[in-house]
Each structure stands twice: as structure tokens, then as C-alpha cells.
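Annotated region 'Disordered' per TrEMBL: 110-164, in sequence order. According to TrEMBL, the compositional bias 'Polar residues' annotation covers 125-136. The compositional bias 'Low complexity' annotation in TrEMBL covers 143-155. Under the heading transmembrane segment, TrEMBL lists 320-340, 352-375, 396-426, 432-451.
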């Protein structure tokens, strides 16, 4: 093996190297130093520990089996400062020969156990005991190929006759001494073992363009002497004649038929993955209760295996903060109505009073539920939120059923406040209340009203068309003078020859 040829080392990925908290991403820097030569190579891995540049391995010059390799993994801060200090995360010390022996097969992965130094600070770094047994580095090593012999065997240059091949097979491989004294020139080999006839390799013929009637002109131009002799094993093979009249039957015990053999030999070009399930298939997988909960809560999104819980938590926290402020305002308004509800100021009847009572209760319940969700989930991370949202049945059904409770309470409180205001204003000006309420209702349900009117008009037009068609069929009758087609009963003419 030539020591001048380089070695190639590819860093595949790292596993278990936990320098920072899991929610903080960082890119490990792997440095490899050759102790004897002092050469240093570096590569930067991705945030997930994978090497994005696996097609470009590290080239180790002036290396051999006894070369010691010092591997270190560094962490570098991602700030914009010019001088950023590196922190040693893990290290390993191996020999290239031992690394190649551990690899076994070419292009296979080698797992190196890394040693992690004790942390200098307790805050961001993890203790070395947690990752001492799990920090590994996966690499691939490729050694230079051994030198191939410069001179080839003479048997590949000459085609031997039957007798000469037998003599050569008996004498050439009888011992190591005979192999060492074999002549290197094919002409000498033939003169020694054969009849002295020198066989030359056929000169490669030049390609000629094809033209019409070239086969007839060149049919007799070739002779048997211009063709190379047929080897003996091909003569025996070509001398076999197939008997078409022989009775040949297929025996399934000798040639068993294996199901799926065609798919293994020629795999299907169509993709096996059919894509994501359609919306109808997803809805069919949910039960009736789950489909009802999914109408107002993110149940299907949270039940999906690839759900992004951080987005769900951020959306729910924003909703709870906004709903809490609105519930606080409605509760203050209901409390003010209770405090200033003397008959001298406002004449409150039984409907208005009951509306205020129901709205105040809904506001109070919504505030309690909203504060409970904020206390329980506002300080939780993604993993803690996912764990706390699970119910006793290991599903998210009950969480989705209760997470919109503050919004429901706000809806009930606002409806009760509207009923209270309508009941108070009805005594003062009933016409204005009726007109404004009808206008608001029409605007909110305008699309359904237009759709209903459109369907009614289409139904009336269809009824009129069917009635007109029926009337026209009753009064319009065929006339008596209408021509009736008569069949041609005349005999065919006869022609006399």
C-alpha cells in the first residue's frame, strides 16, 4: 500500500451530543488532527447532527495504519461578535489502522464513543454523566487501494489449443517454482510448449459506413482464416444440438414458481406511496363525537402524528389572553347594571333582569376557566404542553372540549347583554329596535337568503316548463291528412340474360 496516497474519512453524524438545552439549536464543529504530521481538518454539521457535505470527504495526506487521529467536537456561539470562543464538547483518540479494522466492510459506518469533559458552568451545559454513555460519532474510512501488478498474465493474450492448454494446466500450476520461471513473452511460451506456431492477435477492423447492397458485395470477402479460432469450450458448447421432437415437460419440483419473482426482477416503476389521505378519508376515521369536537377545537390537528404543538400552544395562548380581557369587561358591565338598577333610573323588567343575571354568571365562569388555562399552560414548553393536554384515555378529546370554554362563556355573556339592551330599548322605541335587529339579521344571513331565493326561482321555472310541455302535448294533435309511409310491395324486376 502506497503511503503517498491519501486516506478519505467521512463524518456521517453525531448522536447524543447534548451541550445546550433541547430547545436551543447549535451546529457542532468536528475537527480531526493527525498527531504525527500536525495536519488539521474541520467540518461543520447541521443543527440535527447530520453532515450536509457527505459527498466531500476529508482528505488525510501522509497517513498510514499507525497514524494517530485526534477527534474533537466544538461548540461556537452564533453571536455577531468577531471573537467567539469555542467550547470543547466531546473528544476521541483513535488509530487509523484500528479504525479500518473496526469498519470491516467498505463504506460501512463506524461508531466512535466520545468522552465529554465536565462542564464549567451548570446553567446552559448538561452534566457529563448524562451523555458519557450516549455521545457517539459515526464516521466512514476509506484506505488507499494496494498497488495492482503492472504485468498481466500471458494466458489472457493468447488463445491456446486443446493439447497446449492441457500441458500448460499440468505444468504451469504444479508448484511455486514453476510459476516463478514462466517466460513473460507469449511467443516464447508458444515455442516452448506448442508446435512453434505463433498466433497473433487480430487487428481491429476499421468501421465502414453502410450502403445499399453492401451485404451482397461483401458476402464472399471474408474467409475462415481472418476469423479468430474458436476456443475449445465454445466448440463443445456449440456442438450441442437441440432436439425439438423430444418430449420436454415442465417439472414444478425442479423449477419452483415463486410468487412475486417478477416484481423482484423488474420492480414496479409506479411509486408505492399514495400520498396523504384525502379529507374524506380523515373524516371517516373520526367518530361522531370527535367530528363534533373538531368543529370548534383543533382536535384533528393535535391528533395528527406530525402536529406542530408549538403553533397550537401559541394560538391558544393568544386567544385566552384576548378572551380574558373581554370577559373582564362584560363582568364589570354586569356588575354596574346590578349596582345601578334602581327603579328611579331604569325600569328593568323580569326579562332584562334575568338576562343580566345569566350574563354575569357566564362572565364569572369564563374568567375562572381562562385564568386556569393561563396558569396551567402559559409557562409550559412544547413537551410539557403535549404531556399535560393528554387525558386519562391518552387522547386530546377532553382538552379540546374544554379549551374553548372561555370563548363559549364570552358568547353567552354577550348574547345576554344584547337581550338586556333590547329589552330596555323596546320600552323607549320599539320600531327602531325592530328595524335595526332585522337589518343586522339580514346582513348576517345574506348568503343563505340569496341561495334560497335562487333555488325557489329555479323550481318555479321548472314547474312552468313542465306544465307548458304537458299542455302542448294535450292540445296539439297530428292532422288526418298527414302522409303515411307505404311499404314498397312491388316485385323486383327480372332481367333476362
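Glycine is treated like the rest: Cβ placed from N, Cα and C.
All annotation found in TrEMBL is predicted automatically rather than curated by experts.
The transmembrane segment (320-340) is in contact with the transmembrane segment (396-426), judged by 3+ CB-CB distances under 8 Å for residue pairs 6 or more apart in sequence. Using a Cβ-Cβ cut-off under 8 Å and counting only residues 6 or more beyond its ends in the same chain, the transmembrane segment (432-451) has close neighbours at 422, 425-426. Away from its own ends, the transmembrane segment (352-375) comes close to residues 316-317, 320-321, 323-324, 327-328, 330-331, 334-335, 337-338, 341, 402-403, 405-406, 408-410, 412-417, 419-420, 423-424 of its chain (Cβ-Cβ under 8 Å, at least six residues beyond either end).
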